[in-house]
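First the structure, in the form of structure tokens, and then the observations on it.
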């Protein structure tokens, strides 16, 4: 049992397993979404940056047209520098029709730049943007631009940071909602397992699983409750059968009084109770003319007499004293709350008077039947055997004395 408990403690709970599954699913889903959105965003940004740089180059051609026509290098350089200071490109070249460099401008970095920025710049713009310069419909030169990576890298970092933040926020909301939605599942399963555990551990078949909102759990609850109904009914029948067997084992089937087995158990319990022994006594009672009744009117009449004897003993004892049938016409009674031997003698006299009343044989006849009574005080004996020996001895003495009186 201890090993089973330790094994259960090592196993994850349904709530924890469900939470782990949800966390794993959310993490994988959000990572895939993050990767998909990141790649899509960067590809879109690449197209946007290339078109923006091409648009810048196309705009510059109108400013450089006159300088190229007149081969005015300083004017072209001044134009490139003015536009380059705005941070839209890092290098610019103006070439004439013969591919001679007429003017150029380079952005001077204050730092060498990080690897990521260089990689982004090379990936977005693997080659300079080339835009022809036209005059009167004829190509007279070209301008070549290379984008500046700092602004692009910053924008990419910012976009990824915002995207990551949104993904984390969405993950947090998803986790919160998932836990809230899972509470119903966890509580439903916990309710079922609590009932099953209580039934198994405490044999409490009166427990029932409450109705559940989820169809499968509800169907299981109905089936399990039906099973519990059958088990409870079976347990009640078993308890009733056991009670009947116990009563049969401890009671006389004819008179309904407690039998010899119950007497032995009761007298041993009494002798082991030091307080009860001080105020108790044992009576043995035996019929004096029961054989005559059996021989004269038959055993059925004898049984009716025994039933009447048991009835009178039970009514006399009430809730205070306990009567037993030991077998045949032998009876016993344990007296409780008696303070002296004289009180016991008074009880014996009262019993004798009760049995002086005639018995109705239900066949048109009546008869009398006396009982010989012997008693023993429990306080005077250390064992149940000695107590019974004295009570039995005194009973037979009383029987002999009654027989002698009848002879005289």
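The backbone N, Cα and C atoms fix where each Cβ goes, glycine too.
Residues annotated as active site, proton acceptor in Swiss-Prot: 329. For residue 329 (active site, proton acceptor), other Cβ atoms within 10 Å of its Cβ number 21.
In this structure, residue 329 (active site, proton acceptor) belongs to neither helix nor strand by DSSP; it is coil. Look at Swiss-Prot and you will find 286, 329 tagged as Mg(2+) binding site, backed by similarity to another entry.
The annotation site 'Transition state stabilizer' is assigned in Swiss-Prot to 291 on the grounds of sequence analysis. Secondary structure at residue 291 (site 'Transition state stabilizer'), taken from DSSP and collapsed to helix, strand or coil, is helix. Cβ-based neighbour count (10 Å, all protein chains) for residue 291 (site 'Transition state stabilizer') stands at 12.
Residues annotated as topological domain 'Cytoplasmic' in Swiss-Prot, with a curator's inference given as evidence: 1-24 (among others).
Annotated topological domain 'Periplasmic' per Swiss-Prot: 46-52 (among others), in sequence order.
The feature topological domain 'Cytoplasmic' is assigned by Swiss-Prot to 74-112 (among others). For the topological domain 'Cytoplasmic' (74-112), the predicted model reports an average pLDDT of 82.
Here Swiss-Prot flags 134-154 (among others) as topological domain 'Periplasmic'.
The topological domain 'Cytoplasmic' feature in Swiss-Prot is assigned to 176-408 (among others); the stated evidence is experimental evidence.
Annotated transmembrane segment per Swiss-Prot: 25-45 (among others), in sequence order.
Within its own chain, the transmembrane segment (53-73) is flanked in space by residues 79-80, 83, 88-89, 92, 94, 96, 102-103, 125, 129-135, 140-141, 143, 145, 147, which lie at least six positions past its ends and keep a Cβ under 8 Å from the stretch. Sequence annotations record features per position, and here Swiss-Prot assigns transmembrane segment to 53-73 (among others).
The feature transmembrane segment is assigned by Swiss-Prot to 113-133 (among others), with sequence analysis given as support.
The feature transmembrane segment is assigned by Swiss-Prot to 155-175 (among others), with sequence analysis given as support.
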Discussion item. Is it possible to list how many residues within the topological domain 'Periplasmic' (46-52) are helical, extended or coil according to DSSP?
Written reply: 7 helix, 0 strand, 0 coil
Worksheet, complete the sentence: Within the same chain, the residues 6 or more beyond the ends of the transmembrane segment (25-45) and with Cβ under 8 Å of it are 124, 152, 155-156, 159-160, 163-164, 167, 170-171, 174-175, 178
Worksheet, complete the sentence: residue 286 (Mg(2+) binding site), Cβ-centred 10 Å count of other Cβ atoms over all protein chains shown, is 21
Worksheet, complete the sentence: Cα-Cα, residue 291 (site 'Transition state stabilizer') versus residue 329 (active site, proton acceptor), nearest Å, comes out at 9
